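Read through the structure below, which is laid out as structure tokens, and then see the notes.
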Amino acid sequence: MAFPYSSCKQKYTFLSSLLLLLLLSSSVAELSFNFYAGSCPGAELIVRNTVRSASTSDPSVLGKLLRLIFHDCFVQGCDGSVLIRGNGTERSDPGNASLGGFTVIESIKNVLEIFCPGTVSCADILVLAARDAVEALGGPVVPIPTGRRDGTVSMAENVRPNIIDTDFTVDKMINIFSSKGLSLQDLVVLSGAHTIGAAHCNTFNSRFKLDPKGNLELIDASLDNSYAQTLVNKCSSSLDPTTTVVDNDPETSSTFDNQYYKNLLAHKGLFQTDSALMEDDRTRKIVEILANDQESFFDRWTESFLKMSLMGVRVGEEGEIRRSCSAVN
């Protein structure tokens, strides 16, 4: 198998991580690289091309696709259950109300159903689309084993206990990541997803309060004052905080790089959960390493993203291959 890496160190790191994962999980062992080589040889190319095409008309879709995989994998594993529409589904929960990228996933599925009906799972499409979104923005190419099956259960009540809220402490985040088999390093590395994408003003408004004149006033001392003023200007009380959006990364929002960690060092983390990584000795040390070494960030992202993509996968006779990603068969 050829690896899209420029150094032996990166190949060794990836192989070591994959070997460990294969030893830990029998389900993972049923996945394979080029799983669709015989049944749908153009599958990964179709995913990549559709993601690229969608991003030319809407660049923001790349960040949305990356966020989507987090909200899928952290709830019941990477089974595509977040894509299912209907009352009481994960997608209907208010915590998922701002998710996007669904039309891109459906477009990919529609094309694949023409060329390879009933073959490629929505769960695999989600993971591959997120991987390709990172690549399209200049991030590392992560080799992803495929063969996931789609889940048939999607319940709104499973969402809130399993996703990170923007005001969580480090300990709360560690607890959720640990419950998914993810480490402290995975927590800091995967938080680097905030180097792209955007957020609505209401997701960080707890860092401000309204003064007697109705103007926003900073109450979070961990935030840089000039950056806070920029946020105030973009999220003034005259604007709708549920629709007004701000880039997660104020410096290089359209590039997947290690700028997120440099922003944290400068006290310019958008969410309270971002700033919290600098306030805890355990996580701050990792932030400092990643801020100073983009290659290290890319190496570790490759490992951590792979681990996340393998959480709770359905394989073999489990689940199904959905004909439409928005509904069970």
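Placed from the backbone N, Cα and C atoms, the Cβ positions cover glycine too.
What TrEMBL lists as signal peptide is 1-29.
Taken from TrEMBL, the feature domain 'Plant heme peroxidase family profile' applies to 30-329.
According to TrEMBL, the disulfide bond annotation covers C40-C116 (among others).
For R67, the entry in TrEMBL reads site 'Transition state stabilizer'. For R67 (site 'Transition state stabilizer'), other Cβ atoms within 10 Å of its Cβ number 24.
The active site, proton acceptor annotation in TrEMBL covers H71. Long-range Cβ contacts of H71 (active site, proton acceptor) within its own chain (separation 6+, distance under 8 Å): V82, E90, N96, L99, V159, I163.
Residues or ranges marked as Ca(2+) 1 binding site in TrEMBL: D72, V75, G77, D79, S81, E90. Listed in sequence order, D72, A123, R148, R149, D150, G151, G312, V313, R314, G319 are the same-chain residues six or more apart from D79 (Ca(2+) 1 binding site) with CB atoms under 8 A from its CB.
Annotation for C73 (disulfide bond): spatial neighbours K180, M308, S309, M311, G312, criterion Cβ-Cβ under 8 Å with sequence separation of six or more. For C73-C78 (among others), the entry in TrEMBL reads disulfide bond.
What TrEMBL lists as disulfide bond is C122-C325 (among others). Long-range Cβ contacts of C122 (disulfide bond) within its own chain (separation 6+, distance under 8 Å): G80, L83, I105, K109, D150, R322, C325.
TrEMBL lists H194 with the feature heme b binding site. The 10 Å shell around the Cβ of H194 (heme b binding site) contains 23 further Cβ atoms across the protein chains shown.
Marked as disulfide bond by TrEMBL: C201-C235 (among others).
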- Of all the recorded positions given, namely C40, R67, C116, which is spatially nearest to S81 (Ca(2+) 1 binding site) at the Cα level? R67
- Item | Output field, Ca(2+) 1 shell: CB within 8 Å of site CB centroid, site D72, V75, G77, D79, S81, E90 dropped | H71, C73, F74, Q76, C78, G80, V82, G151, S154, N158, G312
- Note on the structure: For R67 (site 'Transition state stabilizer'), the closest of the recorded positions by C-alpha position, picking from C40, V75, G77, H194, is H194
- Item | For C40 (disulfide bond), the one of V75, G77, H194 that lies nearest, given that the binding-site residues are compared by Cα | G77
